[in-house]
């Protein structure tokens, strides 16, 4: 069905259709500034800006032998002094990490051994390409890359992995290509997703933090070796980085004043002078009004992205909470209108859209298609005393997401049992718009779980969403290492192939559990799967053990640490060691839950219980990728499936979850010193993970994507969306602590949620999600015909936004494989 013949369209589809037909966007008149800003980079391929990498490298060359945290701070000061600053036409906020338009920056300390490959391949690679000028490419190869050869974190990790771990991790000796079996993720980002305490900066400013560091420095014990060798460098680094961000801001103020002197338009002249005044005051000092609060937060966010690759996944935190006092004050004083406040927020949204989180390694690129971004803004939730926290700014941000024609920022709405009807209605109306916002995160699951891990109720109630589905507690979270992604569908294949995989030939990768044709009982098959499963978990935990040992030698985060209460209290950088009083929330990802559950259910039911299929014939059909075995495939696809509230399948899923969580309970704290929780959050990696797995016993064909997150297999959820929620609930072991996020994707047709009745149904569905204590759910509201049409004519559908993993992206920026994956997801037309 083509878009032009759809009986019912989402508002996004209608907006897109209006543009195709040449009609003006109805929001252009109310958002003229933002539309002008957007049109300057619409459809633009990102450009790599090398200044951050160049100045960081220059400084690190000069400071060898000094404590790493001090070197990092000095590098940030060198960047702050020398990096080009910009004042964009029409913008009301100052601060960029790179050039005009869409841009990305490089972090050579992380994966600089990929730089030669990156500058060669980035412009032409199929997923998330970027441009780089010939001169910048030359400087990368000649001035930046040589220094980092042999010094990068990725090289150190690759060398440290034992052979039995390496063979399940990488497909080459240098560790450039992943095997997509047990995949480490720490080498293409400096840290997992993070949330800063922005409220602290708005209320205190960096000059106050510098003063605190100076006082702590003066109070150190002059006879203590630890104070001298560890605390002193940390505090000196904090003082330097506080000066660096203030200097960087003031350089923007100078440029804004220079531009104001030349500006002939009196309105723009006044804006530039006010922007200069803002940058002279914040983020060094406390914000005095809403505009300064936005500017202070934006400087902080952008300098965090300059600091390290954590910054590319820096969450915006609970923006409706920490901005609300400034918004309320200015509204009551008549200093700002709702439209002016929205314009400031949307200037920030534009800045987020221009910064592209570039993954230069082949594996990182495969994991994060469509220029993945996780700068989540969290709205709603609860106050420290447990009351509903929604306010005027909550509704303004939701309204902006319905009117702002871009997939930035990512938006997360916290849901709890006492959420007011007005809030849920606005959330539902925003979901119905069709661009995938907001994703929903459930207080009823997260708050008690975090209390069980050691948080106070007040701390747990103040969590903010970060990354795809993560929940972070500012000033209590202290763990930064990325976790492993584990392809458990490969474990099923290894049972069928005696520890081997078709993709990798005769190499023994897993446990030799025997020829499955010799198995006479389901228990034998199940136990063989458990052996492979446990090997994968041990491999992941071994990776994490080594990662934890290496990170302190390669990373420091003086600015992020300066904003963290516990880091300042104990004078410890976030990357250096376990921080006293912190809660270390790590994770490993279960890839392919639906694929594995359905495969095991089919084997149990059809081979061992009903004996409708022999193991020999099953393996022959899988080896043939079901060609000539269409009857076998049809039989397999008729077996019980996860996502249908079918206890037969769901019980297997619950057992799988229990094995993973119990392993974590046993070894996380003893071996790693962290809560290494099981999660089901694939980003876009279920596509490349599926490419290495041959056909599976659920009827999935060779190379087809695995099921994503905690969602059902493609087309397997035939009993409606509520059954999907119920399966998600019943496969979770509620009584076990070391568990975390479950990403759940659901696709509705616009007709399903049409009108007020559709909104009422969606609100009811959200309340069911909340009552079942599920972690996360997100929606696509789009017609399949629109997606198919966009594949055929990508230029015409350039602005079509879809929900992918924990973020939204332009559909046409996705690979054909990921586009097809989205199209193949079950489309629910009733609720």
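Placed from the backbone N, Cα and C atoms, the Cβ positions cover glycine too.
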Cross-ref Swiss-Prot: 2-hydroxyethane-1-sulfonate site 189, 193, 468, 469, 470; candidate in list 679, 700, 737, 739 matching that site is 679
Local confidence of the prediction over the domain 'PFL' (32-701), expressed as mean pLDDT: 95
Per-state residue totals over the domain 'Glycine radical' (708-831) - DSSP helix, strand, coil: 52 helix, 22 strand, 50 coil
Going by DSSP, is residue 470 (active site, proton acceptor) sitting in a helix, a strand, or coil? strand
Distance, residue 806 (glycine radical) to residue 470 (active site, proton acceptor) (CA atoms, angstrom): 9
Taking just the CA atoms, what is the gap between residue 468 (active site, cysteine radical intermediate) and residue 806 (glycine radical) in Å? 4
Relative to the Cβ position of residue 470 (active site, proton acceptor), how many further Cβ atoms are located within 10 Å? 29
